[in-house]
Structure formats: structure tokens, C-alpha cells
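First the structure, in the form of C-alpha cells, and then the observations on it.
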Amino acid sequence: MININKKNKFKNKVFEFLVLFSMTFGIVVGSGIYLKNSSENGVLAAAGKNPYIAIAVWIFVGVVACMMMLSYIEASSAMKNEEHSTLSKFAEKFVGRKWGTVTAIVFAVFYIPLLTTIGSLFLINSSFQAVDAFMLSTSNKGIDDYLRKETRIILEILLSIIILLVIQYLNYKSDKGGKLLQIICSTIKFIPLIMVLVGGIALYTSGQVQSNSFNSEHEPFKVNQIFAALIPVLFAFDGFIDSVTLQKDIEHKSVVAPAMLSGIIACALFYLLVTVSIFISSDDGNVLNLFKAYPALALVFKIIIVLTLITSVNAYSNVYTKVIKAAILENSYVKNLKNINLSNKKLQITAILINIGTLIFFVTVSLLVTWKSREPDYFLASYYSADTAILYVFIIYAVIIGGILNNRRTKKIEVKKLKGGFLIGVITLSLLSFMILYMYYLSLIDSIVIFSKTKDANSLIIPILWAIFLVIGSGIYYFNEFKIKKQNSNISTSIKL
């Protein structure tokens with residue numbers, strides 16, 4: 001429970017509102033917006049270089065995210081004080097125990113560690129790119145002229161691990177410190193927003209932009225472009241639901257709904273404004289190239305973006321220990337054992353070990369695949385794994401929303417019903433179902449068809465990662481179910497005796 005100033009209820013409520021707002025904003029607006037708008041495989045490329053399609057997808061997903069948040073706010077009202085307000089608990093409560101286990105495995109074993117490590121890797125990678133670009137533009141010499149390629153890669157990986165350790169340690173030593181860091185860094189996030197808005201518009205209106213995304217050539221319209229752009233945009237938006245886990249620590253429950261809804265609306269507006277500004281001032285949709293004509297300004301801009309990425313790593317580090325604890329106590333066979341000692345220290349150590357293990361795994365895979373090329377890329381597997389994980393995560397979101405809607409019919413679980421919540425939920429579930437089916441077609445079936453025609457191995461990256469996640473996740477799930485069944489069998493035998 002947050003008790004910053006019990007003598008002043010208003011200040012306490014404001015602080016709690018800011019914590020939830022900043023955590024929601026921080027979890028969503030982290031690496032996603034920059035990761036998916038900073039490469040040749042970004043949102044604009046997925047939309048066939050058509051900025052109108054890209055903008056329409058950003059708006060559409062923003063609306064869907066707000067609608068999803070309303071359903072999960074309603075679900076969170078059913079949680080008792082002693083219960084863990086995590087997605088796995090929502091899944092167990094509104095769908096069933098087994099679906100709760102599936103959700104816990106996806107988030108505790110794969111998704112949150114993946115997002116945390118992507119944040120730290122992208123943070124360091126962007127820092128080096130920023131310095132490198134500045135050095136090349138001012139002295140015609142880059143980092144590679146002073147460091148061997150292998151040395152640079154090792155240094156970037158080590159710094160990424162250090163970032164994970166430092167932020168996890170900060171959250172371990174002081175929960176309040178981590179939350180204050182989140183508020184401060186979330187405030188800093190508005191600086192690049194202002195720079196993109198003012199700078200992008202200034203560059204465009206001053207005539208310094210010879211061509212932009214709107215007057216450049218783009219591919220003929222295809223329906224596939226809409227759904228291809230959905231995956232990176234969904235990744236950029238994903239994470240807002242994880243902020244629901246923080247409501248258990250909030251003393252004034254009245255701030256929960258407005259804080260989280262305000263957070264996701266702010267994210268949607270942020271993304272839309274940034275996207276439009278990027279498109280009117282550049283022809284490649286790359287946010288990191290916005291001020292490339294002004295080296296010093298570009299360096300400052302990129303450094304500020306790097307600082308904002310800290311919020312993503314910090315937010316997921318804060319949420320992750322809660323997810324691990326809930327997964328163990330609510331969804332695993334361990335919950336039936338006596339004398340379970342889950343101290344904060346053990347949870348933090350578990351979180352950091354899983355995060356570092358995830359980072360090392362994806363870095364190793366990336367380097368094995370790209371080492372013989374001229375440009376070894378340690379970030380490749382992490383980049384594609386994010387799009388792969390989305391295919392699992394949004395199925396979980398959709399099924400839970402289905403359970404919440406079904407509860408409106410059965411009324412088995414008491415919730416604080418939101419006005420218009422049922423209709424919004426039905427529309428949201430319908431949209432999600434259609435989106436998921438088409439994304440699976442594009443990501444798996446169509447990718448395999450493309451490989452059969454072109455023999456391009458890159459087409460198989462997402463299908464292979466999807467299969468790996470399925471095998472590992474299924475193994476953990478069936479092992480857990482076996483242990484639970486064995487425990488139940490032992491209990492039945494003891495009762496008979």
C-alpha cells in the first residue's frame with residue numbers, strides 16, 4: 001500500500017493517480033514506438049510505404065486498446081485484496097484454472113522477460129548508434145574506427161546486462177524509488193514528443209524537407225498491408241494491461257479506472273502525433289533520422305529517447321516480480337506445497353536470472369545466424385520474437401475478454417459493471433478475433449508459402465520462433481499439470497487411508 005502522506009488524502013490520491021498513469025504510459029510508450037519506427041522493417045514499410053494506411057492502423061489500434069482497457073478495468077474490480085491482480089488470475093477467475101496456467105506461462109516465462117530484455121538491448125544499441133552517427137557526421141570516423149566489431153558487440157551486450165541488474169536492484173532496494181524513477185522518466189518522455197512535433201513541423205514548413213512519406217511513391221493498396229502493419233503497431237501498444245497488476249497496491253481505488261484509462265488515451269494520442277510528425281518530415285518513417293541534418297541536435301534527441309526507454313525496462317522490472325509471485329502461488333503445483341518462502345529477494349533474483357537468460361539466449365541465436373555476414377546483428381532474434389509473441393498474447397487477451405463477457409450472462413463473479421461495458425466488450429472481442437485470424441494467416445501460412453516460392457530463410461523466422469515457443473510452453477504446461485494430478489492423487493489416497 002502506498003502511504004506517502006496519510007494526513008493529506010488529496011496528495012495521496014494524486015500521487016497514486018500519477019503512479020498508475022505513469023506506469024501505464026511507461027509500459028506502453030517504451031521501446032515499441034521507437035523500435036517499430038526506427039528500421040526498414042517498421043510500420044511504414046509494413047503498410048506498403050503508404051502513410052495513410054499506417055496512420056489509420058495507429059488510430060484503429062489506439063481505439064481498440066482503450067476498449068480493451070475498459071474490459072480489464074471491470075475485471076480488476078472483482079479482485080479481492082488478498083488476490084494477485086495479474087492476467088493469469090483474471091484468466092483463472094473468468095475462464096478457468098488451466099487457462100490461468102497457460103497465461104502465467106506465456107507472461108512469466110516468455111513475454112515479460114522478452115520485453116524487458118528488448119528494452120535494455122535497444123536502449124544500449126540506440127545509445128551507440130546515436131554516438132556513432134554524431135562521430136561520423138562531425139569527424140568522418142565512427143566507433144568502429146576505434147573498436148573492433150567484436151569488442152563493440154561484447155561491450156553493448158555487457159552494458160545491456162548491467163542496465164537490467166541496476167534497475168532490478170533499484171526496485172529491490174526501494175519500491176518507492178522505482179516508482180519515482182518511473183514518474184520522472186515518464187515526464188522526460190514528453191520532451192522528444194515536443195521535439196518531434198515542433199522539429200518535424202518546423203522542418204516541413206521551412207521547406208527543408210524535399211520529400212516526405214506523403215509525397216513519396218508507395219505500393220498499390222492491398223488488404224494484407226493493413227494486417228501486416230497491425231503486428232508492429234500492436235506490439236508498440238501492448239503492455240498497458242500489465243499495469244492492472246499495480247492496482248492491488250493502491251489505497252484509493254477510485255483513482256484506478258481514470259488513471260489507467262487516461263494513461264492509454266495519452267499513449268494513443270502520443271503515438272498518433274509522433275507518427276504524423278515523422279511522416280511529414282521524412283520519407284522513410286524512421287524517427288531516429290528526423291534531425292540527421294543537424295548532428296548535435298540529433299545526438300541530444302536520441303539521448304533523450306534513450307532515457308525514455310528506461311521507463312520500459314523499469315516498468316516491466318517492477319511488474320515482473322508480481323507476475324512471478326502470482327504464477328507460483330496461483331497457477332503452479334508449488335502452491336499446494338507447505339512452507340513456501342517467496343521473499344522479495346528471491347523474487348528479484350529469479351526475475352534477473354530469467355531476464356539475463358532470455359537476453360543471452362536471443363543474443364546467441366542472433367549472432368549464430370548473422371555472424372558470417374558482414375554485419376553481425378545480436379538484436380535480430382529479439383526483434384522478430386516480439387512479433388511472434390504478439391500472436392500468443394492477443395489470443396490470451398481475447399479469451400479473457402470472452403470470459404468477462406460470459407460472466408455478464410452467468411453473474412458468477414461479482415464485478416463493478418461499467419456503463420456500456422458489455423457492448424464495448426462484444427465489439428472488442430469481434431475485432432480481436434478477426435485481427436488474430438488474419439495475423440496468423442500472414443505470419444505463419446503466408447510466410448511458409450513465400451518460403452516455398454522464394455527459398456528466403458528470413459520468411460521462416462517467425463514460424464520457427466512460434467513453434468519453439470509452443471514446444472517450450474507446452475512442455476512446462478504438461479509438466480505442471482502432471483505434478484498437480486499427482487498431488488491430487490496422493491491427497492485422494494491419503495483420504496481413503
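Including glycine, each Cβ sits where the backbone N, Cα and C put it.
Keep in mind the model is a prediction, meaning the values are calculated, not measured.
Per TrEMBL, the feature transmembrane segment maps to 14-35 (among others).
Taken from TrEMBL, the feature transmembrane segment applies to 55-73 (among others).
The transmembrane segment annotation in TrEMBL covers 99-124 (among others).
What TrEMBL records for 153-171 (among others) is transmembrane segment.
The annotation transmembrane segment is assigned in TrEMBL to 183-205 (among others).
TrEMBL lists 225-244 (among others) with the feature transmembrane segment.
The transmembrane segment annotation in TrEMBL covers 256-281 (among others). Long-range contacts of the transmembrane segment (256-281) within the same chain, counting only residues at least 6 positions beyond its ends with a Cβ under 8 Å from a Cβ of the stretch, are 16-25, 28-29, 33, 37, 43-44, 51, 54-55, 58-59, 62-63, 65-66, 69-70, 73, 76, 189, 193, 196-197, 199-201, 203-204, 209, 212-214, 236-237, 240, 243-244, 247, 250, 287, 290, 418.
Annotated transmembrane segment per TrEMBL: 293-316 (among others), in sequence order.
Look at TrEMBL and you will find 347-369 (among others) tagged as transmembrane segment.
TrEMBL lists 389-406 (among others) with the feature transmembrane segment.
Taken from TrEMBL, the feature transmembrane segment covers 418-440 (among others).
The feature transmembrane segment is assigned by TrEMBL to 460-479 (among others).
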Of the stretches 55-73, 153-171, 183-205, 347-369, 460-479, which racks up the most C-beta pairs under 8 Å with the transmembrane segment (418-440)? 55-73
Tell me, please, if the transmembrane segment (55-73) and the transmembrane segment (389-406) are in contact, taking contact as 3+ Cβ pairs under 8 Å between residues separated by 6 or more positions? yes
Tertiary contacts of the transmembrane segment (347-369), defined by C-beta under 8 angstroms and 6+ residue spacing from its ends, are 109, 113-114, 116-117, 120-121, 153, 157, 160-161, 164-165, 168-169, 171-172, 317, 320-321, 324-325, 376-382, 385
Based on Cβ pairs under 8 Å, which of the stretches 99-124, 183-205, 389-406, 460-479 lies most in contact with the transmembrane segment (153-171)? 99-124
